[in-house]
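Trainee: Take a look at this one; I'll ask things after.
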């Protein structure tokens with residue numbers, strides 16, 4: 001009798017059997033599965049973040065990187081008073097806001113296009129996603145040629161259209177020197193960032209667009225709504241949570257991005273197209289002032305944190321409704 | 001007055017004829033059901049009337065005007081979808097007002113129209129709620145109020161009851177009919193449920209594979225089916241269809257089948273020796289399912305027949321028992337076997 005009962009519940013046999021039984025316990029298994037991720041976050045996110053905070057309140061430099069002196073918020077007030085920082089802050093906000101505005105409009109339009117089926121849609125999708133797959137440096141090189149002071153095809157087209165060149169609207173020169181002027185430089189960065197960020201934002205918005213049942217649009221048409229009323233009263237409210245997520249992703253990626261500016265304009269001329277991350281790099285690594293670099297990097301953090309929490313909450317709430 | 005006219009209406013998807021040469025007229029104030037199995041083309045028909053699909057050929061007239069090239073936002077046709085398609089981010093009030101705002105109805109009319117529609121449907125207390133806080137029945141009423149608020153020429157319903165729980169469906173059906181009796185708005189009601197169609201509609205149009213089979217009152221459809229499809233579709237269970245010779249099929253309702261009749265039956269037209277398969281008890285009645293030996297060739301197929309017996313008859317059949325099922329001439333409809341069409345009574349050999 002008792003032997004029969006034992007055979008009903010197989011007991012682990014041998015060393016491997018006992019090991020696998022031990023591993024099978026929920027507690028052990030959970031820690032094994034979570035362990036690598038937790039270690040990763042601690043080592044590569046948590047530690048550098050705390051180190052940056054510590055650096056920003058110290059007097060560390062490349063020559064003397066020890067955290068032996070606490071200076072409070074002195075680094076923050078010191079960098080905030082420089083012209084370069086103020087320009088970089090302004091430009092970071094302009095570039096991010098401009099990119100977001102362009103990306104949101106274009107992503108909404110693109111998702112409206114991609115939700116319908118048409119000939120060559122697969123090819124279109126493939127080409128559309130390409131900018132996201134390109135490395136930043138390649139993107140920058142492509143756009144540097146596009147906006148080159150001498151060889152820019154944009155200039156050439158404008159000259160052909162008689163918009164540029166001697167006796168035309170935009171002045172006597174045959175070139176706009178996109179990357180050599182403050183506002184054109186910023187606009188160039190915005191356009192390039194938009195080009196890069198559009199695929200990701202479109203995929204996010206498209207996911208939201210595809211989840212709207214077709215009947216809702218049909219109902220709206222029957223109720224008498226035209227294209228614009230449907231867009232503003234039906235489509236956009238339904239897309240709201242996804243648009244917020246797209247804003248969050250695009251905004252955080254753009255505001256933390258330094259390589260594009262570094263490659264396109266090097267922050268110049270002067271500091272006129274400088275942005276915060278690149279300025280932090282120049283100050284902290286090139287200039288050797290680790291403490292001030294960290295302070296510049298961390299300056300936006302509290303604002304971005306609050307904005308992100310609020311945005312995620314809004315997204316969650318509008319999805320509830 | 002004719003509110004809606006469909007003339008030789010066709011809709012093809014590639015080589016498939018979803019709607020095949022449909023002619024139909026709806027009179028003012030009429031409640032018409034389009035009844036057909038799924039895939040019969042009834043939804044396509046309805047979507048063309050609403051303007052969501054454009055016909056391949058033929059014409060649609062509302063109040064005598066062709067609307068084929070008129071987009072849905074400029075047709076005064078209101079539609080209630082099966083899913084109700086309420087706008088989830090708007091309150092009930094904004095949902096109901098949406099057609100008025102979209103159609104640029106003057107603002108000072110809004111409140112009066114809103115009140116009229118909401119009081120008619122009893123949703124006045126829900127105005128500030130969002131659709132996801134409403135029950136299925138409440139959602140349906142709000143969808144109806146939204147359709148009603150703009151005084152449409154024509155109501156189009158797409159199975160509006162099938163999303164409701166079975167318990168409240170029959171009450172919702174009655175309310176729908178009462179609403180129609182109050183408003184007298186011409187209604188096209190698409191359904192696959194013959195209980196809804198027969199119970200609600202003034203007239204029913206039976207459609208299958210894109211073609212209209214019969215248009216008539218529920219009584220006409222039940223008592224005088226125009227062809228084999230209608231005979232085999234209307235009624236639950238539908239007519240027994242019994243081949244009697246090379247060219248003719250006889251149809252008889254289960255309740256007209258006499259089982260082991262006592263004494264003489266006059267004008268016997270169908271006389272079958274039946275082996276009982278099983279007996280179903282449905283509370284108010286019994287259904288006796290059996291296997292019959294037909295006189296005519298049935299191509300070796302077994303012939304399934306059903307007889308309906310009143311609950312009071314307390315049949316004591318057991319499976320395998322033999323009995324006699326008899327149909328009288330007056331209860332029989334005859335159909336042409338090849339075309340499926342009903343044969344005129346005059347042709348029938350007595």
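Every residue gets a Cβ built from N, Cα and C, even glycine.
Feature list, courtesy of TrEMBL:
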type: TRANSMEM; residues: A:28-55; note: transmembrane segment
type: DOMAIN; residues: A:89-311; note: domain 'ABC transmembrane type-1'
type: TRANSMEM; residues: A:93-115; note: transmembrane segment
type: TRANSMEM; residues: A:127-146; note: transmembrane segment
type: TRANSMEM; residues: A:242-265; note: transmembrane segment
type: TRANSMEM; residues: A:285-312; note: transmembrane segment
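Tell me what's around each of these sites.
Mentor: Within the chain, the transmembrane segment (A:28-55) has long-range Cβ neighbours (under 8 A, six or more residues past its boundaries) at 22, 67, 290-291, 293-294, 297-298.
Within its own chain, the transmembrane segment (A:93-115) has Cβ neighbours under 8 Å at 121, 124-125, 128, 186-187, 189-191, 193-194, 197-198, 201-202, 204-206, 208-210, 235-236, 239, 243, 246-247, 250-251, 254-255, 261, 275, counting only residues six or more beyond its boundaries.
Same-chain residues lying 6 or more positions outside the transmembrane segment (A:127-146) and placing a CB less than 8 Å from one of its CB atoms are 110, 114, 152-154, 179, 188, 191-192, 195-196, 198-200, 202-203, 257, 259-260, 263-264.
Here the transmembrane segment (A:242-265) has Cβ contacts under 8 Å with residues 92, 95-96, 99-100, 103-104, 107-108, 136-137, 139-141, 143-144, 147, 179, 185, 188-189, 192-193, 196-197, 200-201, 204-205, 207-209, 236, 273-278, 280-281, 300, 304, 308, 311-312, 314-315, 318 of the same chain, all six or more residues outside its ends.
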